[in-house]
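A short worksheet on the structure shown next.
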C-alpha cells in the first residue's frame, strides 16, 4: 500500500510518502494559522503534489481530539484551529482519495506496538510524546485503546499538581503544563529574561545548573506519569517520543527517576523506534488495523 502520511503538530506539519511501510520521502513546513480546513488542505496537497497521483490512501495523525466532525484542540495553546476542523473531509473532497484520521500519539502508539511486539512480547504499553505539548496513546491487550469518544490517551491532561500552573485545557497542574516543550520554553524565558529555544536550553544544561533543573523538572513529571500508568494499567513498556522526549539525555533522566521508586511501580522506558517520525509513520500504519479498535 502507498500512503500519503500527514502529521499535524502544534509547531510543524510533516508529510511523508510511505510505501509498504517504509518512509520513502519526507518534507515539513511550519503549522500555519488558518481559519478554515479548505485552505490548509490545499496547502498540504500543494506541498506533496508530486506524490499524490501515486498514493492509494491518505492517513492523518494530529494533535487534539479526533471525531467524525474533525479535529478539536484540548489545549488551544498547542493547536489554534477552529473547532471542529474537518481536515479529513476536505482532503478527501479535494484529492478523491480515501482518508483516515487518528490522534497523533494514538497513531504513534500503534506504530510502535507493531514494531516492538514481535520482539518483546508486549501486550500493554503506552506511547508518550513530549513535544510542543504532551500526548499519549495506549495499547491494551494488544489493541489500540481509543475509548468511546476517542479521548483515551490524553494523559498530558492528567493532573500531577492541583496547585500547579494553569494549563490551556483550563485545569491546573497538568503534565502538559509542567513538562511540555511550551512549559519548558516559558520557564526558560522567565528564568533567563529572554526567549531561548529548547535546543539551546538542552545545550546550555550541559554546564548551567538552572537550565538543567528546568529539564529535570520536565523529566521527573514524565517519569511520575509513567509510574502512575504502571500502577493503573500494569504496563509492560512505555515508549517516549517527541522533540523534547528524544533530546539528548532526556530519556536517561526519566529512567533514573523511575529507578529510584519502589520496584512495583517501575516500568521500562525506551526511545521510539520511529524516532522523530513515529507519529508520521503512525498516520500510515493506521491502515494496518487487525487490532485497531
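Every residue gets a Cβ built from N, Cα and C, even glycine.
Quick look at what Swiss-Prot lists:
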BINDING   5-12, 133-140  ATP binding site
BINDING   157, 167, 169, 174  Zn(2+) binding site
Candidates 5, 11, 135, namely the binding-site residues, that fall within 10 Å of residue 157 (Zn(2+) binding site) by Cα distance: 135
Same-chain residues at least 6 apart in sequence whose Cβ lies under 8 Å from residue 139 (ATP binding site): 109, 110, 113, 122, 124, 125, 126, 145
Nearest-integer angstrom distance between the alpha carbons (Cα) of residue 174 (Zn(2+) binding site) and residue 135 (ATP binding site): 11
Rounded distance in angstrom between the Cα atoms of residue 137 (ATP binding site) and residue 167 (Zn(2+) binding site): 20
Listed binding-site residues (9, 133), ranked by Cβ neighbours within 10 Å, top entry: 133
Most crowded position, judged by CB atoms within 10 A, among 5, 167, 169 as binding-site residues: 5
Chain-internal residues, separated by at least six, CB under 8 A from residue 7 (ATP binding site): 13, 14, 15, 16, 60, 61, 62, 104, 277, 279, 280, 282, 283
Residue 135 (ATP binding site), number of other Cβ atoms within 10 Å: 32
For residue 11 (ATP binding site), the number of other Cβ atoms found within 10 Å of its own Cβ: 16
Non-site residues, in chain order, whose CB comes within 8 A of the mean position of the CB atoms of 157, 167, 169, 174 at Zn(2+): 74, 75, 156, 159, 168, 170, 171, 175, 176, 177
Rounded inter-Cα distance in Å - residue 5 (ATP binding site), residue 169 (Zn(2+) binding site): 28
